[in-house]
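As recorded in TrEMBL:
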type	residues	note
COILED	A:96-130	coiled coil
COMPBIAS	A:158-169	compositional bias 'Low complexity'
REGION	A:158-184	region 'Disordered'
TRANSMEM	A:425-449	transmembrane segment
TRANSMEM	A:470-487	transmembrane segment
TRANSMEM	A:550-571	transmembrane segment
TRANSMEM	A:583-603	transmembrane segment
TRANSMEM	A:639-657	transmembrane segment
TRANSMEM	A:758-779	transmembrane segment
Amino acid sequence: MADHGGGGGCCPPMDLFRSEPMHLVQVIIPIESARLTVSYLGDIGLIQFKDLNAEKSPFQRTYASQIKRCAELARKLRFFKDQMSKADVKSSAKSEAKAEFNFDELEIKLGELEAELTEVNANNEKLQRGYNELVEYKLVLQKAGEFFKAAQSRAEAQQTEASSQQAAEDSLETPLLKDQDSTADQGKQVKLGFITGLVPQGRSMAFERILFRATRGNVFLRQSSVDEAVIDPHSGEKVEKNVFVVFFSGERAKSKILKICEAFGANRYPFAEDLGKQAQMILEVSGKLSELKTTIDAGLSHRANLLETIGKQYEQWSELVRKEKSIYHTLNMLSIDVTKKCLVAEGWSPIFATQQIQDALQLATVDSKSQVGAIFQVLHTKELPPTYFRTNKFTESFQTIVDAYGVAKYQEANPGVYTVVTFPFLFAVMFGDWGHGICILLATLFLIFREKKYSSQKLGDIMEMTFGGRYVILLMALFSIYTGLIYNEFFSVPFELFSPSAYACRDAACSEATTIGLIKARDTYPFGVDPAWHGSRSELPFLNSLKMKMSILIGVAQMNLGIILSFFNALYFRNPVNVWFQFIPQMIFLNGLFGYLSLLIIVKWCTGSQADLYHVMIYMFLSPTDDLGENQLFPNQKTVQLVLLLLSLIAVPWMLLPKPFILKAQHNRIHQGQSYTPLEGTEESLQVEAGHDSHDHEEFEFSEVFVHQLIHTIEFVLGAVSNTASYLRLWALSLAHSELSTVFYEKVLLLAWGYNNWIILIVGIIVFIFATVGVLLVMETLSAFLHALRLHWVEFQNKFYEGDGYKFAPFSFALLVDEDE
Amino acid sequence: MYGFEAMTFNIHGGYLEAIVRGHRSGLLTAADYNNLCQCETLDDIKMHLSATEYGPYLQNEPSPLHTTTIVEKCTLKLVDEYKHMLCQATEPLSTFLEYITYGHMIDNVVLIVTGTLHERDVQELLEKCHPLGMFDSIATLAVAQNMRELYRLVLVDTPLAPYFSECITSEDLDDMNIEIMRNTLYKAYLEDFYRFCQKLGGATAEIMSDLLAFEADRRAVNITINSIGTELTRDDRRKLYSTFGLLYPYGHEELAVCEDIDQVRGVMEKYPPYQPIFSKLSYGESQMLDKAFYEEEVKRLCLSFEQQFHYGVFFAYMRLKEQEIRNLMWISECVAQNQKSRVHDSVVFIF
């Protein structure tokens with residue numbers, strides 16, 4: 001089977017049929033070359049190290065301090081990244097590979113850079129704070145100045161009014177100021193104190209309330225909102241603020257108000273009452289502002305330069321740190337020798353990589369100038385090795401479909417190989433329309449041609465999935481075009497592609513086309529369904545019968561493939577019991593009933609007989625001895641049916657009974673000391689066998705084995721019926737698809753066309769396009785995909801697939817990048 | 001709808017119950033604590049914690065760590081989780097969740113008031129406050145001179161306002177006063193919370209009344225022990241006990257007259273649930289009492305997760321998480337001060 005491998009031709013020969021043969025290797029590395037060795041092994045990426053220190057907590061391990069250093073460096077890098085994204089500096093993706101950095105040098109360098117950056121930041125922050133304070137001060141000066149001016153002018157107006165009226169009782173709006181003014185004039189009362197400042201807008205109401213309560217209403221507060229958000233000097237965040245002026249009297253009130261201001265984070269600023277002074281201060285503040293602005297700009301540009309230089313090498317550094325960290329993590333998994341001179345590594349690696357690994361070990365020894373080389377040896381173990389398939393970008397997505405169900409047991413037959421063809425094919429049977437197929441083909445070709453670009457960047461969730469499965473979709477589209485040509489469906493428009501239709505009207509008027517039918521005028525249509533069927537009254541019965549029978553044929557074929565794979569598994573794992581008491585009766589049972597049905601279908605197609613197959617199948621069970629009458633398809637059919645029925649009936653106990661007893665007998669033999677089972681093999685599979693046998697030494701519970709076998713048998717027998725029926729979904733979905741596209745074509749596009757109005761036509765076309773894309777291309781694709789998935793996972797794979805292995809997860813730098821991103 | 005929570009609980013509470021149970025499985029286990037107790041430096045602790053749920057909160061801390069940073073970040077995680085749950089909650093769960101924080105609010109009020117009494121900086125005090133017990137105008141507490149002002153100025157806007165009805169006096173604040181205020185507030189709070197849970201009914205009432213009764217009894221014992229030898233009169237002491245719980249009312253009568261720790265012990269040993277706690281202590285000792293109570297509390301809180309369809313899990317989770325943070329703080333302190341022999345003294349394993 002192995003020579004089937006390199007199907008692509010372009011890729012290295014690979015054996016996808018069974019997972020790579022693996023072995024457990026032990027590497028003894030002298031401690032001085034350990035880091036370099038692991039780093040080279042990481043470059044190869046073909047060893048899965050075992051954790052030999054599982055019982056130790058992370059900080060008790062040998063290289064905990066190095067990991068801490070790496071974490072510290074990673075933190076610094078994160079800090080840089082954060083700063084860069086704040087300053088909008090992009091890290092150049094892959095700069096020219098500059099000088100290799102030593103880890104220690106990098107540590108020092110990053111430390112310096114961090115210190116410099118934090119210093120620059122602190123300076124900037126200080127300046128910024130001063131600047132923001134000044135901005136706030138300026139706002140206070142302006143706004144508060146406005147209050148005072150407005151109050152003064154109003155007071156003046158009122159005074160003149162008052163002097164004319166000789167009374168001023170009802171001026172509710174500015175009682176305090178008026179008082180203040182009048183008292184100032186008279187110079188009799190104490191002057192009112194006031195505080196000006198800014199308070200965040202969200203808290204201004206609470207501020208006012210608390211002020212009122214604390215001073216028992218003996219304050220006068222004016223607030224005015226600042227139009228745009230101000231940067232708070234303390235927190236550095238943008239906040240909407242109000243400028244306030246509080247007037248109060250007395251020292252106690254003042255201390256209270258000051259405390260409240262503090263509690264509310266209100267910044268206070270001195271304010272002169274005198275108008276002239278105010279103007280002067282505004283001037284002063286503006287001057288300082290522009291001065292500070294230039295300083296800040298200079299600081300910012302310095303910082304930007306610094307970040308720029310960091311950004312140039314950021315990617316390189318972070319990759320180095322990531323690698324370094326993973327190396328030490330791996331080193332932590334190795335057990336240290338008692339003499340503390342060498343580290344012992346154990347891990348799984350594929351056998352083909354042995355040479356590569358040994359070369360890397362040698363290279364590491366030379367490069368680290370170590371006197372002793374690393375020792376590489378293969379260990380024998382009974383553990384089950386991990387499953388590793390060498391996939392390429394094409395087969396990977398198909399293998400993923402299989403792995404999503406369960407990772408194959410070590411060296412088990414891999415359904416992934418067949419999935420490459422059967423999956424898109426089953427999809428296409430449900431999605432047969434070459435118009436839709438072409439749409440999907442174009443979409444996926446777009447993805448494939450931009451593969452290089454997309455694979456390097458991060459895509460959205462859904463996009464990522466589509467991109468990952470681009471080759472699956474490509475094959476799905478190609479097969480859809482193929483089945484679409486067979487169904488003769490193009491957005492449900494019939495085409496006479498290969499030759500004119502074989503049928504013609506009886507007369508020129510074509511009046512009987514829909515009643516009596518057409519007459520056959522030419523040779524049979526050479527490929528696929530004759531376009532004349534489209535729209536005829538008998539279209540559905542014809543297509544249904546065709547697709548239903550086709551579904552059963554496909555289903556029986558695929559299930560047979562599954563059972564045959566179980567045969568190859570049994571052969572490979574040297575399990576004759578499974579061949580004789582599982583594979584053979586299963587084949588007989590399935591083919592005796594449904595294989596026979598498939599045969600009948602083909603015979604009926606070939607002979608054009610009118611026999612009723614339902615009737616044949618049902619009465620094969622109900623009264624097998626009855627005469628078939630007009631339903632007879634070939635001579636001696638009754639005898640054949642009787643034989644098949646009997647064979648199927650025998651197959652059931654055949655599957656059920658012997659296997660548990662044989663297993664029991666085998667078990668007993670082993671315990672008597674006559675190890676009869678073929679332990680002595682020449683291949684690696686012997687390890688696997690040995691592994692299995694060691695399990696058998698546990699208690700042999702006969703009842704458990706028997707019940708297990710009973711369940712298996714029942715599942716298979718019932719499954720043969722229900723799985724065959726399950727394949728009818730192929731017909732159902734394809735029917736749904738073609739009917740939906742007919743509806744959209746006839747009820748939307750043709751209807752709109754019929755109005756002879758271009759507005760309606762445009763609306764119709766738009767609706768048609770959206771319905772086609774949304775429902776047929778997206779939703780139908782998804783549903784057909786899911787059904788194809790189900791047919792593979794359940795109906796196909798349950799015949800042979802164990803799927804209880806675990807995946808090979810090598811230590812590899814190449815995989816590291818994806819993990820972290 | 002007693003006994004029928006299963007039918008309707010999940011409509012509003014299902015999602016959050018799932019969330020809280022998920023959070024619960026993130027709590028540190030005994031194995032984690034064992035590893036943490038073996039740490040040599042705070043960096044080791046950080047390294048170990050980075051493998052737990054706390055990882056993202058600690059990973060960006062520069063290396064010379066302080067205990068306060070660890071505790072702060074761990075608390076931040078708790079607060080984030082709490083806020084998320086509060087955002088998702090609907091009535092009456094949101095009220096229930098808010099009730100959980102009132103205890104912290106009381107503590108914060110007391111902290112600020114005591115702090116200003118001793119002329120501490122308000123900003124510094126604010127940093128020490130538990131973030132769950134923050135309210136808008138908390139900083140203004142510093143303005144108040146006596147209880148009446150405290151209430152009138154600030155607390156009238158907070159949910160604590162109703163609890164104040166019993167302690168509004170015009171006396172100036174002093175340490176004793178404040179302590180009495182704390183206990184009075186706590187009493188009122190517990191009673192209110194208890195009533196609220198009873199109103200909710202069903203499994204919530206059943207479980208919460210048990211948990212709150214334990215809390216009330218523990219406070220009663222603590223008040224008694226702390227007030228031994230002070231000028232607090234018996235009647236005043238009695239007034240501070242909450243009016244529910246296993247000790248109410250007869251135990252309270254007896255506790256009120258206790259003069260030393262052994263008398264308290266004598267009272268408590270009459271109550272079977274508390275007997276094992278006190279039997280673990282040697283005579284005359286009250287140091288280990290806190291830990292014994294914490295252990296008992298953790299046990300009860302964990303048990304509340306065994307039942308479904310009630311709000312007690314939220315209370316229990318918050319409490320357990322606080323206990324976990326206390327544990328982490330203790331371990332970090334011990335590690336930082338090289339007192340590793342005492343590391344097991346105060347750590348309460350949750351699982």
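Using N, Cα and C of the backbone, Cβ positions are placed for all residues, glycine too.
Taking residue pairs at least 6 apart in sequence, the transmembrane segment (A:583-603) and the transmembrane segment (A:758-779) share fewer than three C-beta contacts under 8 angstroms. If you average pLDDT over the coiled coil (A:96-130) in this model, you get 80.
Listed as Cβ neighbours of the transmembrane segment (A:583-603) (distance under 8 Å, sequence separation of 6 or more from its ends, same chain) are residues 549, 552-553, 555-557, 559-560, 563, 566-567, 570, 609, 611, 613, 616-617, 633-634, 640-641, 644-645, 647-648, 650-652, 654-655, 716-717, 720, 724, 799. Within its own chain, the transmembrane segment (A:639-657) is flanked in space by residues 581-582, 584-586, 588-589, 592-593, 596, 620-621, 624-625, 709-710, 712-713, 716-717, which lie at least six positions past its ends and keep a Cβ under 8 Å from the stretch. Using a Cβ-Cβ cut-off under 8 Å and counting only residues 6 or more beyond its ends in the same chain, the coiled coil (A:96-130) has close neighbours at 69, 73, 76-77, 79-80, 83, 231, 233-234, 236, 292, 295-296, 299-300, 302-303, 306-307, 310, 313, 316-317, 320-321, 324.
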